[in-house]
């Protein structure tokens, strides 16, 4: 009954100007779905990589940009997904492509106890604790479990049952599905009641709690969602790469690239990570032969962005006239808006 | 005998880890943001010592006379020119900037010095040992490390406890807004704290370079050890750093004695265990603040 007195701000009403982005979106999606039929193998592999980095970036952005959880340990779940693939496909005989959703579930199951520990920590403690946990998992897998192949890792031999082209095409579509789930999952989550809670937490966590937002529950939903995406991505990456080694699967670079992507594109928006992933791939392609230089330059760019454009490239594009591709912002009801002006 | 020598080695290793943690604890306690480039800056200091010894012909320990003031200025500049600009936006910008810096330092060192492992040569002291009992021999330099650590801890404790500037450090840590009202320039305090942290890092880097060989990508592991020292000891506590270092060192050597692959893992597990039981560490001294 109290419910009826609460004025829930509505998402922006859809206007005719939304028709154009929707049309563009349909064209892009159609092009992406049919890509294996018209693009070269090189393009397809590049787009595949783009798609899974986009999925990881969206998940990290939701976590860091909205829920204020600055994780530098998502590689823990990428690695868990990768080893989930190895165990399920090799030892349990499950179809490798089916292990992708199963790896997401595995990551969530392991993320629940991890979240009990992490959620007692704040800010910088949280950040480094995520990394310590990822290192702990890596070292455990690396040295102590012969079954997982130790430091040499294991190869997913059961992928040999698929023809190479079929494997690459299926892998590509799985990556596309994953990216779509990540982008639209974040989109619909942000438009839901949980999304409203999240945006309140982003603006001020204590304030949100004081008006009755269940901050802990909301943050846990986000953390588990991000773990699921990272787990599925881990399984997918090693369907493509076949050979799973702990140093690579649990590499801090999975976190680092994603942080660079989100910082370049713009933290706390859906559009930012998309733009960021595009720019990241463009830069990485240009610097492909100079690996040390490219990491150095990405580090410098992250520093510069934080100093001069903390809202990222998308924030720069939006300074004068807001472009809303993904409408997640909310408008106050008229009577509150009028009241505000009258003050 | 084996148990005793394991414990002794753990204590001596812990002295080095406490050195890693000391500089980080200082800035973490005052600014409440973590410097993710801390480990890489230790390695950077070691390479700067390498250059100093080669160019000026000094021994590594003598090079500290040049290195400590230089590092102090770098730290002061980093805080005042870069990190202080982002203070109003919470801890995330500083975390991301230092994360970016970490990649800049690692790859800059790789480009400048190649991935070959290097070592600082101090001379005979590196390999000298003292035999305490049959089968129990400990190195002289690790004992010296422990002594250096203790001197720095007591000096830092006296500085924080007895001087006007130390009091300003603690006031800024507890409540920067009120400290500002009392006429303390918070941004200057942050700059000095980072400078002091970098001066400590200079000593840490030289000690590390004499004790073991090093390469451009050694930083992240040093950061993790430093952070574990703070988690175990408790944020802001200077004596906690000593306790954290010793516990981490002993945990690693005991783990390593059971099985060489448990060495680092045992340290991580003890750290996570402390986080479960006492999330603010054994001897926390700072006030909780958002």
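Going from the start of the chain as shown, residues are counted 1 onward.
Cβ coordinates come from backbone N, Cα and C, glycine included.
Predicted, not measured: the structure shown is a model, and the values here were computed from it.
Residues annotated as transmembrane segment in TrEMBL: A:20-38 (among others).
According to TrEMBL, the feature transmembrane segment maps to A:100-119 (among others). Among residues of the same chain six or more beyond the transmembrane segment (A:100-119), those with a C-beta under 8 A of the stretch's C-beta atoms are 76-77, 80-82, 84-85, 88, 94, 126, 129-130, 133, 174, 178, 216, 219-220, 223-224, 227-232, 234-236, 239.
Annotation comment: TrEMBL describes A:170-190 (among others) as transmembrane segment.
The transmembrane segment annotation in TrEMBL covers A:221-242 (among others).
When Cβ-Cβ distances below 8 Å are used as the criterion, the transmembrane segment (A:254-283) is approached by residues 46, 49-50, 53-54, 56-58, 60-61, 64-66, 71-75, 78, 131, 134, 183, 186-187, 190, 202, 230, 294, 297-299, 301-302, 305-306, 310-315, 323, 325-326, 328 of the same chain, each at least six residues removed from its ends. Annotated transmembrane segment per TrEMBL: A:254-283 (among others), in sequence order.
Residues 256-257, 259-260, 262-269, 271-272, 275-276, 279-280, 283, 287, 323 of the same chain lie 6+ residues outside the transmembrane segment (A:295-317) yet bring a C-beta within less than 8 angstroms of a C-beta in it. Taken from TrEMBL, the feature transmembrane segment covers A:295-317 (among others).
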